[in-house]
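Engineer: So TrEMBL lists these for the protein:
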- B:46, B:49, B:54, B:71: [4Fe-4S] cluster 1 binding site (BINDING)
- B:110, B:113, B:116, B:150: [4Fe-4S] cluster 2 binding site (BINDING)
- B:120, B:140, B:143, B:146: [4Fe-4S] cluster 3 binding site (BINDING)
- B:29-88: domain '4Fe-4S' (DOMAIN)
- B:101-130: domain '4Fe-4S ferredoxin-type' (DOMAIN)
- B:132-160: domain '4Fe-4S ferredoxin-type' (DOMAIN)
- B:1-23: region 'Hydrophobic' (REGION)
Ligand code: SF4
Ligand code: SF4
Ligand code: SF4
Ligand code: SF4
């Protein structure tokens with residue numbers, strides 16, 4: 001198979017198709033017409049102390065502390081971990097659980113910061129403009145320090161992804177500018193307005209990974225972004241290895257494995273990661289954050305969020321500090337035009353519903369979507385599966401959604417894994433086309449978390465078994481020691497009379513000894529009186 | 001030549017005796033079926049099955065002397081797994097499943113008598129005589145064995161707080177009506 005990895009931009013570059021996918025109204029025009037605006041500071045910021053996948057950070061602040069903008073407030077605790085920085089200067093008035101953007105709607109530890117409005121920066125590390133001459137480890141350490149995580153939604157620490165293993169070579173870096181999900185336009189606006197900055201970040205990542213090729217994939221419904229990126233690329237010296245590739249608009253082309261397939265024709269193995277086939281994928285926003293960290297010494301404390309949906313009066317993209325409550329963002333966009341039926345974090349396909357208006361945005365929140373009743377009609381009643389097979393036709397992961405559904409529904413957690421449940425990217429294509437309106441993805445999500453919970457329980461009972469066995473062993477040992485002690489005492493008692501005199505029993509001997517001692521004393525007393 | 005033969009014979013005799021001795025002295029206790037069952041049991045060691053711990057229940061099951069629905073912490077999932085393993089019919093649990101909980105010792109009231117430590121099958125309680133005792137939450141199996149022995153009744157069971165790590169997506173509420181005849185071809189295989 002010939003893989004078209006020609007370094008020069010070529011209009012006839014071969015593209016591949018991933019399996020399935022669907023066309024859905026993109027609704028991007030709602031919010032992509034206005035430039036990114038910087039939102040004014042909210043009165044209170046709830047900054048979640050963990051905003052990444054991996055080991056939770058350790059808080060470095062206490063209630064009552066003053067913090068400066070960019071000051072680290074939680075430090076990483078492992079290799080796969082990331083710090084959190086104060087998004088503005090102010091005072092920490094509480095550290096307590098607060099609702100965070102998560103499908104559960106549950107709370108997690110957050111620092112409540114009251115801004116002082118001065119925006120006083122903490123002392124920042126020096127810019128590393130000469131990074132091509134520096135040790136890559138130093139640059140990675142800087143990216144780690146800045147708390148950069150995947151901003152496309154996965155929130156995996158970026159410094160880890162930019163540390164290639166020694167066992168396999170990474171040859172291609174893919175920059176994800178597809179932004180395939182309807183409504184979301186933050187990456188589109190970022191590419192239009194800050195293309196040069198994004199490319200700086202790409203250049204740094206290229207330097208760290210030492211890849212041969214960089215492919216920047218952008219869907220063809222974003223012609224302005226493509227033009228801006230091409231213009232910016234022409235002004236750099238990166239043209240030798242970088243190519244901006246226009247890809248057809250088809251949901252979900254922005255899925256990591258799907259984009260890799262489109263651009264390289266390669267398949268990431270089942271339950272594998274792209275690095276296994278020599279590819280690393282990064283989002284355009286993440287590239288910009290990497291440039292901030294390395295070239296300006298700035299941590300990741302703000303991001304661009306799309307606030308959109310027909311229920312929002314003036315949809316647009318806002319640049320906001322992490323920790324800003326969503327109600328503040330909605331107020332900045334003119335509030336609601338009508339009462340929303342649903343408030344969603346992320347897009348309409350892969351996002352999840354938010355319940356609290358004080359939920360803060362995090363490093364990975366790309367969109368806040370307020371759907372009007374007309375956009376989010378009540379789901380039609382689910383009917384029986386007619387086994388039409390349409391779900392399998394559109395599944396971009398090449399799964400058998402109806403089999404997954406049957407087994408998840410029957411709670412057969414072993415069998416559902418036999419059908420590669422964990423390759424499902426929860427894109428929702430299957431549910432979208434299902435003529436029976438079965439909420440298929442809900443079944444897959446249920447089955448996934450149930451399997452994880454069961455594994456956790458299993459680990460816990462292994463642990464309990466070991467501890468129980470250890471306790472039994474300890475008790476047995478103690479019992480044996482006690483027996484041994486008792487035996488020794490008995491032996492000692494038995495030995496004494498034998499040594500003393502004529503086989504008399506111990507008591508007699510003792511009494512005799514005491515009597516002798518008394519007699520002795522009497523005698524000596526008498527002698528002394530003389 | 002003779003020396004060599006004698007030496008070999010002596011060695012052979014020595015190893016023979018050694019092997020014979022170790023066969024008796026280090027005999028592997030246990031029963032592979034009981035091990036498999038034990039691996040399925042939750043290891044709460046609570047005794048609610050009427051046996052003094054999970055291992056004894058596993059052994060009773062292996063001998064076929066027990067019902068498979070006796071373990072409360074294991075619940076319905078365990079009954080199904082045991083039915084699968086032992087080739088028996090699943091039996092309904094007669095009592096409702098418990099809410100997962102951990103023990104909590106009221107620090108003001110604990111007199112440091114160490115009785116709970118002695119009762120805990122997994123050493124999940126730390127403390128010394130006349131010192132305040134505390135439960136290591138991550139190790140507590142929620143067996144409740146420490147509650148009763150406490151002379152000042154300062155141990156309570158508290159439900160485990162739901163957190164993001166532990167949260168699960170619920171089973172979909174919007175259930176399609178499916179007739180059995182439409183079930184997939186799962187038993188054909
Ligand atoms: S699309 Fe729906 S009805 Fe058709 S096979 Fe899939 S689950 Fe069944
Ligand atoms: S949600 Fe999962 S099963 Fe359904 S189409 Fe997407 S990847 Fe396939
Ligand atoms: S009821 Fe279950 S958890 Fe409790 S001792 Fe018996 S087998 Fe173990
Ligand atoms: S602390 Fe109490 S409830 Fe927890 S495992 Fe020990 S004895 Fe059981």
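Glycine is no exception: its Cβ is also placed from the backbone N, Cα and C atoms.
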Engineer: Identify all same-chain residues not among B:110, B:113, B:116, B:150 whose C-beta atom falls within 8 angstroms of the centroid of the [4Fe-4S] cluster 2 site's C-beta atoms; report them in sequence order.
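Structural biologist: Near the [4Fe-4S] cluster 2 site, beyond B:110, B:113, B:116, B:150, sit B:105, B:111, B:112, B:114, B:115, B:133, B:146, B:149, B:151, B:152, B:154, B:155.
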Engineer: Can you tell me which of the binding-site residues B:110, B:113, B:116, B:120, B:150 is spatially closest to residue B:54 ([4Fe-4S] cluster 1 binding site)? Compare CA atoms only.
Structural biologist: B:120
Engineer: Compute the centroid of the Cβ atoms of B:46, B:49, B:54, B:71, then list the same-chain residues not in that set whose Cβ lies within 8 Å of it, in sequence order, for the [4Fe-4S] cluster 1 site.
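Structural biologist: What remains near the Cβ centre is B:41, B:42, B:44, B:45, B:47, B:48, B:51, B:53, B:57, B:70, B:72, B:73, B:74.
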Engineer: I'd like the number of other C-beta atoms within 10 A of the C-beta of residue B:140 ([4Fe-4S] cluster 3 binding site), please.
Structural biologist: 21
Engineer: So what sits near residue B:49 ([4Fe-4S] cluster 1 binding site) in its own chain, CB-to-CB under 8 Å and at least six residues off in sequence?
Structural biologist: B:57, B:66, B:70, B:71, B:72
Engineer: Enumerate in sequence order the binding-site residues B:110, B:113, B:116, B:120, B:140, B:146 whose Cβ-atom distance to ligand 3 is under 6 angstroms.
Structural biologist: none
Engineer: What is the set of residues, excluding B:120, B:140, B:143, B:146, whose C-beta falls within 8 angstroms of the centroid of the C-beta atoms at the [4Fe-4S] cluster 3 site?
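Structural biologist: Going along the sequence, the neighbours come out as B:103, B:116, B:119, B:121, B:122, B:124, B:125, B:135, B:141, B:142, B:144, B:145.
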Engineer: To the nearest Å, how far is the Cα of residue B:113 ([4Fe-4S] cluster 2 binding site) from the Cα of residue B:146 ([4Fe-4S] cluster 3 binding site)?
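Structural biologist: With distance taken Cα to Cα, residue B:146 ([4Fe-4S] cluster 3 binding site) is 12 Å from residue B:113 ([4Fe-4S] cluster 2 binding site).
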Engineer: Around the Cβ of residue B:110 ([4Fe-4S] cluster 2 binding site), how many other Cβ atoms lie within 10 Å? Please give the count over every shown protein chain.
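Structural biologist: So the Cβ neighbour count for residue B:110 ([4Fe-4S] cluster 2 binding site) comes to 18.
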Engineer: So which binding-site residues out of B:49, B:54, B:110, B:146, B:150 are up against ligand 4, CB under 6 A?
Structural biologist: B:146
Engineer: Work through the binding-site residues one by one (B:46, B:120, B:143) and name whichever has its CA nearest to the CA of residue B:150 ([4Fe-4S] cluster 2 binding site).
Structural biologist: B:120
Engineer: Residue counts in helix (H, G, I), strand (E, B) and coil for the domain '4Fe-4S' (B:29-88), per DSSP?
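Structural biologist: Reading the DSSP string over the domain '4Fe-4S' (B:29-88) gives 30 helix, 0 strand, 30 coil.
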Engineer: Can you tell me how far the Cα of residue B:140 ([4Fe-4S] cluster 3 binding site) sits from the Cα of residue B:116 ([4Fe-4S] cluster 2 binding site), in Å?
Structural biologist: 12
Engineer: How many Å lie between the Cα of residue B:120 ([4Fe-4S] cluster 3 binding site) and the Cα of residue B:46 ([4Fe-4S] cluster 1 binding site)?
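Structural biologist: That comes out at 9 Å between the alpha carbons.
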